[in-house]
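A.B. asks: One structure follows; several queries about it will come next.
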Amino acid sequence: SVGFKAGVKEYKLTYYTPEYETKETDILAAFRVTPQPGVPPEEAGAAVAAESSTGTWTTVWTDGLTSLDRYKGRCYHIEPVPGEEDQYIAYVAYPLDLFEEGSVTNMFTSIVGNVFGFKALRALRLEDLRIPVAYTKXFQGPXHGIQVERDKLNKYGRPLLGCTIKPKLGLSAKNYGRAVYECLRGGLDFTKDDENVNSQPFMRWRDRFLFCAEAFYKAQAETGEIKGHYLNATAGTCEEMIKRAVFARELGVPIXMHDYLTGGFTANTSLAHYCRDNGLLLHIHRAMHAVIDRQKNHGMHFRVLAKALRLSGGDHIHAGTVVGKLEGERDTTLGFVDLLRDDFIEKDRSRGIYFTQDWVSLPGVLPVRSGGIHVWHMPALTEIFGDDSVLQFGGGTLGHPWGNAPGAVANRVALEACVKARNEGRDLAAEGNEIIREASKWSPELAAACEVWKEIRFNFKAVDTLDPS
């Protein structure tokens, strides 16, 4: 008889392979699967493997024209999620030949494409990916990385300080530049375009770039420090985005910016390549991430988006504060912060890391802390995240009762005091408030900031928490 038999067969007969031993070259994925009632977990896991690789809903004769064993995804392990009814972690291995080299876009189109609308599943979430060394080497990665950035800025041994200019929309270019100048003059390393500042009627991009460049050159001359402003090059087309990046380079600024999720991975990778070739650092904002990553049972965890960004390219990325107004549990956040910064990260389920990840020669990314943070948070931020991070105080700078420059002074004094105390062996977690109070005795700017924000708390539990072990 003919080898082809038409009809529908269960996915698990082909795609559930518990005996499979993963290869070093496989891309491995951990999915949180919530099957529909009556669908066994093995069938659900196999369906995910099939629909995100070579499978379709029925047997087709063209399967015989290729080697399914070589190209199919395999669900090789399933485990129940502790404390959750009808939720499972399904581990899927994908052969490397399924993916185009150097394309995050293609990787995601396969792994998190149509399968997320699959009717046999009530919900599906991609918790983690293991990117093999062979695939990692196909990417340029961050435009420059942590060490090159420090060398360009000549700033070592402490976190970098930033500030998002507010109000985020409505300022004219000249007033915007004035706010930038005041912040940089006061002691910040960077100021930032808000993610939704592109080129609107009240402030066209070219005017903003010019006034911001004037501001940071003036602040550099006055302080003797290298300064920067993240000029947001995000635009409606890739061509327009690159045009803005070219103008930023012509102005001699050190850093540009992109909204990588709304702009898209193809645009982001193009911009990262341009920045590497032309000496620009690249700051990345994650606008839209919570649409994808906030719900615990459906979507994609931010650690996956963070890994994807390191492949696509970016020198900074916003990554949760733990202590501010935006979502972020401590152990989970530190897990993906290490995935951004370190060369090699061991599997550690207590921090949500499902796979050991080796980044080989890919440069690291500086995690950015922003959103509802102020001077009283400085000891915790310094202690939790260490030197290799960017601390960004928007309202926590511009909301100072005396203005932007004193707000910047307050943050710089608080940071220097915390770094000095840490280097002297003091415990920032236990003595943080005392360290800030001591510093405020000789800094009136810090004293005023301490008074304004002494009662501010954002005491809400994180939605996306770790599973019980």
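From the backbone N, Cα and C atoms, a Cβ is placed for every residue, glycine too.
As annotated in Swiss-Prot:
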type     : residues                                       : note
ACT_SITE : Lys166                                         : active site, proton acceptor
ACT_SITE : His285                                         : active site, proton acceptor
BINDING  : Asn114, Thr164, Lys168, Arg286, His318, Ser370 : substrate binding site
BINDING  : Lys192, Asp194, Glu195                         : Mg(2+) binding site
MOD_RES  : Lys5                                           : N6,N6,N6-trimethyllysine
MOD_RES  : Lys192                                         : N6-carboxylysine
SITE     : Lys325                                         : site 'Transition state stabilizer'
A.B. asks: Which is it, of Lys168, His285, Arg286: the one of these recorded positions whose Cβ has the most other Cβ atoms within 10 Å?
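C.D. replies: Counting every other Cβ within 10 Å of each candidate, the maximum falls on His285.
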A.B. asks: Please classify the secondary structure at Asp194 (Mg(2+) binding site) using three-state DSSP.
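C.D. replies: DSSP call for Asp194 (Mg(2+) binding site): coil, neither helix nor strand.
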A.B. asks: Let's check the environment of Glu195 (Mg(2+) binding site): how many other CB atoms sit within 10 Å of its CB?
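C.D. replies: Taking every protein chain into account, the count is 22.
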A.B. asks: Based on Cα coordinates, which of the following recorded positions are within 10 Å of Asp194 (Mg(2+) binding site): Thr164, His285, Arg286, Ser370?
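C.D. replies: So far as Cα distances go, the recorded positions lying within 10 Å of Asp194 (Mg(2+) binding site) are Thr164, His285.
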A.B. asks: Would you find the one among the recorded positions Lys166, Lys192, His318 whose Cβ has the most company, meaning other Cβ atoms within 10 Å?
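C.D. replies: Compared across Lys166, Lys192, His318, the most Cβ atoms within 10 Å surround Lys192.
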A.B. asks: Rounded to a whole number, how many Å is the Cα of Asn114 (substrate binding site) away from the Cα of Glu195 (Mg(2+) binding site)?
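C.D. replies: Computed Cα spacing between Asn114 (substrate binding site) and Glu195 (Mg(2+) binding site) is 29 Å.
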A.B. asks: Quick one: which of these recorded positions, Thr164, Lys166, Lys168, Glu195, His318, have their CA within 10 A of His285 (active site, proton acceptor)?
C.D. replies: Glu195, His318
A.B. asks: Kindly assign Asn114 (substrate binding site) to one of the three DSSP-derived states: helix, strand or coil.
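C.D. replies: Once the DSSP labels are grouped into three classes, Asn114 (substrate binding site) ends up as helix.
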A.B. asks: Could you give the Cα-Cα distance between Thr164 (substrate binding site) and Glu195 (Mg(2+) binding site), in whole Å?
C.D. replies: 9
A.B. asks: What other residues of this chain sit with their CB within 8 A of the center of the CB atoms of Lys192, Asp194, Glu195, the recorded Mg(2+) site?
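C.D. replies: Near the Mg(2+) site, beyond Lys192, Asp194, Glu195, sit Thr164, Ile165, Lys168, Asp193, Asn196, Val197, Tyr230, Asn232, Met257, His285.
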A.B. asks: Including all protein chains displayed, how many Cβ atoms other than that of Ser370 (substrate binding site) lie within 10 Å of its Cβ?
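C.D. replies: The answer is 24.
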A.B. asks: I want to verify one value. Collapsing DSSP to three states, which class is Arg286 (substrate binding site)?
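C.D. replies: Reduced to three states, the DSSP call for Arg286 (substrate binding site) is coil.
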A.B. asks: Between Lys192 (Mg(2+) binding site) and Lys168 (substrate binding site), how far is it from one CA atom to the other, in Å?
C.D. replies: 10
